[in-house]
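These come from TrEMBL:
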REGION    1-34  region 'Disordered'
COMPBIAS  12-29  compositional bias 'Basic residues'
DOMAIN    40-144  domain 'Transposase IS200-like'
Amino acid sequence: MQLKLNIYRGSHGGRRPGSGRKRLHSKGVAHREREKVNSRTPLHINFKFRTYIRNKNALRILKRAILNSRRQGLRILHFSMQSNHIHLIVEAANNEILTSGMRSLTVTFAKGLNKGRIQVERYHLHVLKTIQASKNAIHYVLFNLQKHEKGIYSKIDEYSSVLSMREGLKLIRNFCRSEKVVIKLSKVEPWNLDLGTSYFARKGLSRLLEI
């Protein structure tokens with residue numbers, strides 16, 4: 001009869017069942033090389049949390065994090081904060097600036113919420129290579145939450161940058177016929193978000209304003 005020996009018993013070295021660093025969750029984004037970015041094309045980025053973040057305190061922290069990321073050269077053009085994730089439209093001159101800027105933004109935001117550090121490799125990125133792609137992405141980010149009927153929105157997301165844009169009033173008039181929203185927006189002091197330098201970012205916003 002053949003005996004099965006426990007080769008780990010009484011041992012002070014080597015591998016043991018269940019020992020060592022645990023693997024990351026299988027649903028994490030694969031660590032592959034990102035597409036090369038440059039200042040000519042804006043980017044649509046989103047990243048998630050495991051907790052609810054849609055509140056006024058988190059919005060204040062996000063604005064502070066955006067200002068910090070500017071010091072790294074990252075330009076935040078538009079944003080929206082949903083229940084557990086954030087959408088951004090950004091510009092970066094290269095991948096190094098993108099990485100350092102996103103690290104600054106996510107670390108500042110997570111620490112401000114006392115939720116620990118976000119792994120910056122896990123944000124999702126889409127390069128906007130055409131005017132139409134930029135227009136669609138800006139519209140999606142600014143009006144992500146709203147329910148609409150026949151293309152007219154009944155309310156505006158207070159947790160998006162549309163309420164802080166100098167162009168926001170015209171966007172609201174294009175997409176919302178609620179007079180209460182228009183009055184509310186007129187009382188909000190525009191927050192100095194960067195409108196971007198790339199052709200696609202500016203033309204994408206212009207297309208929305210022309211609707």
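Glycine is no exception: its Cβ is also placed from the backbone N, Cα and C atoms.
Averaged across the domain 'Transposase IS200-like' (40-144), pLDDT for the predicted model comes to 87. The DSSP breakdown of the domain 'Transposase IS200-like' (40-144), given as helix, strand and coil counts, is 48 helix, 24 strand, 33 coil.
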